[in-house]
């Protein structure tokens, strides 16, 4: 939680009554369970209270609100400037390590191997395999209780958190898989740094607190002494790590901790998952490790694109010790600074990741391998911070991005540096795509990937008959190209005398071309076609194929259209977090692990192969579309889309596609698309079968025995010149009619499922695939359903009138018009249409009721138009549940 800096505000001094309540809570929660009824125990509790919260007269207890890096909020209590306790919102009171070091028996502590401590110092949770405390040795506890973690053989708590299991579950499951404690605070984090930064106490001081315990047997004392000696050594390692930044734990500790696994803490979204297969990172002090530890999500937004320490190293052939990689990295940076950056001072400031990939990697000595994971820094940001501490560079962090602002060329390290004679960036030997990767540079594809469109005649059909006949004039292979089909069409036209003498571009249509190129409805209307149009029609009837010539010279013939490599930017958790996903690249390059390695080197970011065996994908941290396209061009042979340019990490490149590479921008929370027309499905779907019927038009209209639906002749009018039939609906509330289109059919049958002898009306159209008929299908069904509802239940629309002095009035209940007073100099009289009943229950309320929905709603609109709602004072006539957002007026 406090692994990264946190913010505090509203620091206030607690009143005496608040301090008393805090002491009572501390005594009841932490001190009373360890005290008895004797007076000596009561005095010991009072003494511990004074050590923790002061004597109340000369001590200052402050409370302040804090917000952690992950967004968690709570209250922090400090005593004389040192953090003593903190509490999350609706959470328990938690002591800091400073309070635990003053009274180590405040909370029960899990024992764990010393090798686990580096993982906990990274903010990870404690797992059950890493708990060495025997079941029942910690007393009774339940999930949510505050507990500590100490190194095996020591009683000095170094980590504090809340239990995730109970003592009963601990006794039942033992050291099986699962989480035991959620880490909240540890020695060396930012909360510890807010205090006096004191070190853990000596073990002798802790032992003096336990001298009053029951006597142990001699053999148990010897075992405790041996365990305490190991604990002293582990605590000394922690103390030295805090002071000097050395590695915590040993290889022996790691072997003794075999089987445990530490996973990501749920309380912080920025804590990395750690496993027992990970190498221990060198600590630049636990606080520095906490400040410099980035997650996969953080790296996606970092322009420096730190190399992920969790990236698999099996595919990396970079050998050498940690010291050799450190020296290579240092030499490469100095070489880049002297040879590349010093002659061009305008290049700075520059993002750290861009400097690493564009200058540091190419400037390493020829033949030297450089793997960021194998260095002692592990992260590029830690390397730049170490240079800043030495005074070599000045860096600036802004929005999660580390940028190199300037380089001090007067520093002795740069002034006396002599760059190597041969650099890795000067020599780029070609490497075949199927060879193993190396750190010396990107491989180069033997040639570019090319695509050739091919066409094949189907097994049977009119187009097949034309192909056989055209082959007599111009032989056609089984897999035809577009020039082959064009040449065959020209030869066929000449051989059969189809070329128009007046316009050589036109071809007359014979029986074979008519069946192969025209639709049935065009047989009687089209007698000639342009050559290019005829060619397009013939090609559309052939089965498409394509031939791929890969970068290694291999040739593949595939059915269907070309499947491009898709480079998609996906938005991950957190603001500005992006990952670049590459799919369909296995069609052009089989070894994805090799390609992932090239992407890690070029992008200086984590790249991993994910997905399934059938649909694999490569995920690269950050917005790396341009760098990925560079790798695809050099290694695979896919050309870079024109117009694509490098962008700042975290930004989105503009959309630009080619036939082989398609770039997709990040999209989230896409609204559900509405159904498309039949032509849309025919154009954009693989299948051209009949589309689904109308969801609304196919629904039956059920009505009772008191409603009559009948079809009657209709005389065409100016509004409906092509209608010859109308639907008449009679019911308790009225009689309604509506003309219907000639292609619409309404059938009425008895409803066998109805108990009162009702009927069912169904609407159909002549051609379901015709766009206009499909549109009228659902519309006609809805209008008839509204008519049935209107003559049985009717429609009711309320109207609100808002405004000082605004009101409505009916002179008599059966009046033919309604009077409105809306702030004008004269009243407004609105005629009431036939079939609409108007009620005015209050001066500012109107209720309209009638069987015809169209007439009722139109009358409501006629009333509303006299004083439409305005947003500044929110006055006017509101129909139904209409609302309007208030706007702020102009201010002087």
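Every residue gets a Cβ built from N, Cα and C, even glycine.
Taken from TrEMBL, the feature compositional bias 'Acidic residues' applies to 208-223.
Residues or ranges marked as compositional bias 'Basic and acidic residues' by TrEMBL: 224-235.
Summed and averaged per residue, pLDDT over the domain 'Pre-PUA' (2-103) gives 80. Positions annotated as domain 'Pre-PUA' by TrEMBL: 2-103.
Under the heading domain 'Eukaryotic translation initiation factor 2D-like PUA RNA-binding', TrEMBL lists 107-190.
Residues or ranges marked as domain 'eIF2D winged helix' in TrEMBL: 326-408.
The feature domain 'eIF2D SWIB' is assigned by TrEMBL to 478-541.
For 564-635, the entry in TrEMBL reads domain 'SUI1'.
Annotated domain 'Large ribosomal subunit protein uL6 alpha-beta' per TrEMBL: 724-794 (among others), in sequence order.
Here TrEMBL flags 802-877 (among others) as domain 'Large ribosomal subunit protein uL6 alpha-beta'. Residue counts for the domain 'Large ribosomal subunit protein uL6 alpha-beta' (802-877) under DSSP (helix as H, G, I; strand as E, B; rest coil) come to 12 helix, 27 strand, 37 coil.
Residues or ranges marked as region 'Disordered' in TrEMBL: 195-235 (among others).
Summarising the annotation, TrEMBL assigns region 'Disordered' to 255-302 (among others).
Marked as region 'Disordered' by TrEMBL: 421-442 (among others).
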Listed stretch, out of 2-103, 478-541, 564-635, 802-877, that has the most CB pairs under 8 angstroms to the domain 'eIF2D winged helix' (326-408): 564-635
Tally of residues which DSSP labels helix, strand or coil - the domain 'Eukaryotic translation initiation factor 2D-like PUA RNA-binding' (107-190): 19 helix, 27 strand, 38 coil
